[in-house]
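I have placed the structure first, in the form of structure tokens, so that the comments after it can refer back to it.
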Amino acid sequence: MAISASTSFHFNLSSNSHHRISSILPSRRTYVSNPSYLLSFPQITSSFSQINAQFRCSLFESMPLLPLRTSFSKVKASAAEEEAYQEEFSWTSVILPFVFPALGGLLFGYDIGATSGATISLQSPDLSGTTWFNLSAVQLGLVVSGSLYGALFGSILVYPIADFLGRKRELLLAALLYLLGGSITAYAPSLGVLLLGRVCYGLGIGLAMHGAPLYIAETCPSQIRGTLISLKELFIVLGILLGYFVGSFQIDAIGGWRYMFGFSAPIALLMGLGIWGLPPSPRWLLLRAVQGKASLQEYREKAVAALSKLRGRPPGDEVSKQQIDDTLVSLKSAYSGDQESEGSIFEVFQGPSLKAFVIGGGLVLFQQITGQPSVLYYAGQILQTAGFSAAADATRVSVIIGVFKLLMTSVAILKVDDLGRKPLLIGGISGITLSLLLLSAYYKFLGGFPLVAVGALLLYVGCYQISFGPISWLMVSEIFPLRTRGKGISLAVLTNFGSNALVTFAFSPLKELLGAENLFLLFGAIALLSLAFVLLYVPETKGLTLEEIENKILK
């Protein structure tokens, strides 16, 4: 997944409530940390990027060096010149509103990693611990893909109710579904109950992959929006690695599959408890008030309290009040004359929202149809040509790929708020295209040079991690107008899971029809098409607040 990235929550301060950046420059260091995807499933996306506005400063390194309250510069661009501002916030208050929603991504990744080991344990006559271990191919396929079907249904379900639920309640519901799904599968007495638990867990994935980027986008400072949404990708990869490690420890235990699936339950409980203690999104509160769904004065006060808590300020402080009032004026102006209604189901396909959906939906669509599931499917076979054994080294190979993905994700993490979104997409997709053409050549006439295949595989993995992996979900979470953001992101999630399922299910017949060499050639052609799409249609959103994206790019 990934599902994923981040976008930010930034309110414009009045000029008299800002301080110049030169007075508080922290020491300059860098901290590289990130994970990646594993062999057999695609990811959804986000990563940890270096903060870069007028200076660079590492997130975790700065925490012990700076005082509790830290400031970053925010550049407000105008036609004539740029004037630097900064928003003051507490690091401790920023971390928790990111970590607990990001656990939803970790649980998605965990399902990917744990399922491979769980299916081996479940089918073993000696280790299954059941009388129904002799599963047919169809039954096994349902066990593996049950969470995918649940995620598809969840993304459809959340479409009409996202703005009614709100970001916080949606994440609470996702945590509850994760908890129920993990518990049901762990204690399943029959295949039917096991499948029910898998679908329930998948519903949690669908809601979490929608709600997490939304909440992070609307609550974190805009200076570190790209950093945090990209860092969510890291949590997905950490989840995959965790699933593989738990599987390797429990693979020889009787009924080990129950422990593999059930290990997610305590993480889901932690996620739910953490989300419970977080404030609601101030942007969502103001949107509901402007739409006439609640008392304007009451929800304004709630928004001030929420923002104060999110920034680590005293309750109801004047800076938060000013920021809320400025944002409220902006929202009233944006939705003047139509405050009584929220964005309709069909409004996503009109005006600025349609432009945003073409950009965001196009990115998550190309993320899948450039062949990621297929390349990962062939990864084991390709690495075997370099001397890896099929069974004994499978877990080690997965970890090697994961570590490499981690290293490449760090590039996106450190550069997404520096180089920008579009340059990373262009460079990464160019590398993906080259790697797919090399894989096609390997299967056609370079079979005697296995290092070409291994190099192409690593090139694909690395380029994916600096482009489609984290950037797609970052763009999705920040490109939609506030009015249709909930519905727009749910449609993007649906597009991602739907295209994932399509590529996965169509892979075998396409492989038989075309052969591996022509299949990779087809994916290479699609990658070229996606590169043209990025060059022509995808804007640069680096350094812009969500309101600026809506007012300047989508108009």
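Positions of Cβ are set from backbone N, Cα and C atoms, glycine also.
According to TrEMBL, the feature transmembrane segment maps to residues 488-507, out of the candidate ranges 348-367, 488-507. Within the chain, the transmembrane segment (259-278) has long-range Cβ neighbours (under 8 A, six or more residues past its boundaries) at 96-97, 99-101, 103-104, 106-107, 110-111, 114, 117-118, 121, 168, 171-172, 174-176, 178-179, 181-183, 185-187, 197, 201, 204, 243, 246-247, 250, 253.
Beyond the ends of the transmembrane segment (171-189), by six or more residues, the same chain brings 100-101, 104, 107, 147, 150, 154, 165, 196-205, 207-208, 211-212, 215, 258-259, 261-265, 267-269, 271-272, 275-276 to within a C-beta distance below 8 angstroms of the stretch. Here the listed stretches are 132-159, 195-217, 449-476, 488-507, and the one with the most C-beta pairs under 8 angstroms to the transmembrane segment (424-443) is 449-476.
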